[in-house]
Number of protein chains: 2
Amino acid sequence: MKLAVMGAGAVGRSVAKLAGEYGHTVTALADSSGAVVDADGIDVAAVLARKRGSGTVGDAEVATALDAPYDALVEATPTTLSDAQPGFGHVEAALERDRHVVLANKGPVAERYDEVRALAADSRGEVLFEAAVAGAIPTLSTIDSLGPERVRAVRGVLNGTANFVLSRMAAEGLDYEHVLAEAQDLGVAEADPSFDVEGTDAALKCVILANVLYDGGYTLADAEVEGIRSIPGSALELAAEDGRTVRLIGEVSDGSVRVGPRLVPENGTLAVTGTTNIVQLETEHAGQLNISGAGAGGPETASAVLADVGRLPPVD
Amino acid sequence: MKLAVMGAGAVGRSVAKLAGEYGHTVTALADSSGAVVDADGIDVAAVLARKRGSGTVGDAEVATALDAPYDALVEATPTTLSDAQPGFGHVEAALERDRHVVLANKGPVAERYDEVRALAADSRGEVLFEAAVAGAIPTLSTIDSLGPERVRAVRGVLNGTANFVLSRMAAEGLDYEHVLAEAQDLGVAEADPSFDVEGTDAALKCVILANVLYDGGYTLADAEVEGIRSIPGSALELAAEDGRTVRLIGEVSDGSVRVGPRLVPENGTLAVTGTTNIVQLETEHAGQLNISGAGAGGPETASAVLADVGRLPPVD
């Protein structure tokens, strides 16, 4: 397939780099700085070297990427709240051209899911977004196989940064500020970590899951969200005395979406450590399924994007 | 879709019972005692009540089920070694009629994979077998999404009976014979448990995985297999002193298939307890993925069969 990749962060760059191995051609790559388009396939290595040098992928306007010849648009620009732009506009442009869309960007399917679905209903293009929920973990494809109506609840650890902080606090007896600084040094937490530690990122993933399970209607405003900032190290020590620990757990069940710190058994399934994510599905006939793996990372998330691309039917 | 269900054990019965909920019609059900066929859909509840009473599902010859109108044949007769009959013959009959086949039976895809593939290549029918590897765990669909060539290794706990025995031995400090008797009382182990405790069942699953990863060529004869019968309780005690325990681990990597008792970290990912199974995939770009859940059970395995049925294209 011909791919237009929107966004040249870790995920967009990895999709562009790996596309050839999966038998695809990248005909356009764009980020906020500019775009490069070549109907025969751009020279990905050269373009990414240019970005490392000058900071821009190319001189063309971003809009030229949207007009490029492609079968599927890969939306990997940064997640934004409310209007979910510029991602939503990219999704709209592709669907109006009867092209497929594969999202790693959570914004459009968390904040404007019903609009995305309405656009898809009027398009010959399809919309897939496995990479938007827990990176490499095959969450949405598993729910699709089971049938969303047979999934009673989904819960899990859906943010690697928050999990790194909590598992280090518990393992080393350190407090939040100390571990956060360490995580920032390691590149696990961003300079402004609020999106991760306040639970917003995990909540967006849960909102997407709720939209899939309950046939739309959810945005971030429907989620009850509490972060990990105010957890004292002493709370983790107390939990440990009782064989338990604390994890930032997102949960979608009975029509509601909740994210917050929860006590879980110290060596239990949900107590993954470091940046690992886990998704736990309670199903109607198949019992409980647990899937853990990399919830973020360039190649890992790109792997989910390219799996989605592989599921798309040919464009007429 | 119209389904012919071959086999009326726990899995075949569950497939027949749940098919309607998934929008399918069971047009035939057969086991070694006989068959019942109705082009408009058999009365599953009545047929299963009859089987509970008289021991037979119907008076028709098994062959009439193979000639029934159906889109997909569900092969859920008992797994047999070497010639993999009668399952293989059922697969052959369906593919020669250009019908799809979904297997829960491991035999044909472990012992005669290359023949099954050759038959499928000459047929408009497709062959899927997610349920044959670790029941409800979405193993093959995940490998398919990743691309088999990007899976470096698969390992895991693939037999619930053996895992129940080992985890009880470790938790209670009991010896093999004692726990096996308990497992037999609970119905977790069969009267003749050799298939499970000698590693054969796990090995068959690994052979299927090897056939998928390496494009065929494997049978049980290619697997190096060691069971759990000779593990003394004292070995588990020694392991525990070192923070480890023993699990029956199947592994497919670098072209080889091995099953045997292995030391694993006591609270590590592979140390699932009870009858839970776990599959661990080492991937090229997506890191390590772990999927745990029910590796057996009627409804659980039927859920994987019906997910496969949902993936099949319409029959012309």
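Using N, Cα and C of the backbone, Cβ positions are placed for all residues, glycine too.
According to DSSP, A:ALA10 (NADP(+) binding site) sits within a helical segment. According to TrEMBL, the NADP(+) binding site annotation covers A:GLY7, A:ALA8, A:GLY9, A:ALA10, A:VAL11, A:GLY12.
Contacts of A:LYS106 (NADPH binding site) defined by a Cβ separation under 8 A and a same-chain sequence distance of 6+ are given as A:THR79, A:ALA132, A:VAL133, A:ASP201, A:LEU204, A:LYS205, A:ILE208, in order along the sequence. What TrEMBL lists as NADPH binding site is A:LYS106.
Over the domain 'Homoserine dehydrogenase catalytic' (A:140-309), the average per-residue pLDDT in this prediction is 96. The domain 'Homoserine dehydrogenase catalytic' annotation in TrEMBL covers A:140-309.
Sequence annotations record features per position, and here TrEMBL assigns L-homoserine binding site to A:GLU190. The number of other Cβ atoms within 10 Å of the Cβ belonging to A:GLU190 (L-homoserine binding site), over all protein chains shown, comes to 13.
Here TrEMBL flags A:LYS205 as active site, proton donor. There are 29 other CB atoms within 10 A of the CB of A:LYS205 (active site, proton donor), with all protein chains counted.
Each of the binding-site residues A:ALA8, A:ALA10 was assessed for Cβ neighbours inside 10 Å, and the highest tally belongs to A:ALA8. A:VAL11 (NADP(+) binding site) sits 16 Å from A:GLU190 (L-homoserine binding site), taking the C-alpha atoms as the reference points. In this structure the C-alpha atoms belonging to A:ALA10 (NADP(+) binding site) and A:GLU190 (L-homoserine binding site) are separated by 14 Å.
Listed in sequence order, the residues A:VAL5, A:ARG13, A:SER14, A:VAL15, A:ASP31, A:ALA76, A:THR77, A:ALA104, A:GLY298 complete the 8 Å Cβ shell around the NADP(+) site centroid, once A:GLY7, A:ALA8, A:GLY9, A:ALA10, A:VAL11, A:GLY12 themselves are left out. Recorded residues A:GLY7 (NADP(+) binding site) and A:GLU190 (L-homoserine binding site) have their alpha carbons 18 Å apart, per Cα-Cα distance. The binding-site residues listed here are A:GLY9, A:GLY12; among them, A:GLY12 has the most other Cβ atoms within 10 Å of its own Cβ. Counted over every protein chain shown, other Cβ atoms within 10 Å are most numerous around A:VAL11 among the binding-site residues A:GLY7, A:VAL11. Among the binding-site residues A:ALA8, A:GLY9, A:GLY12, the residue whose Cα lies closest in space to that of A:GLU190 (L-homoserine binding site) is A:GLY9.
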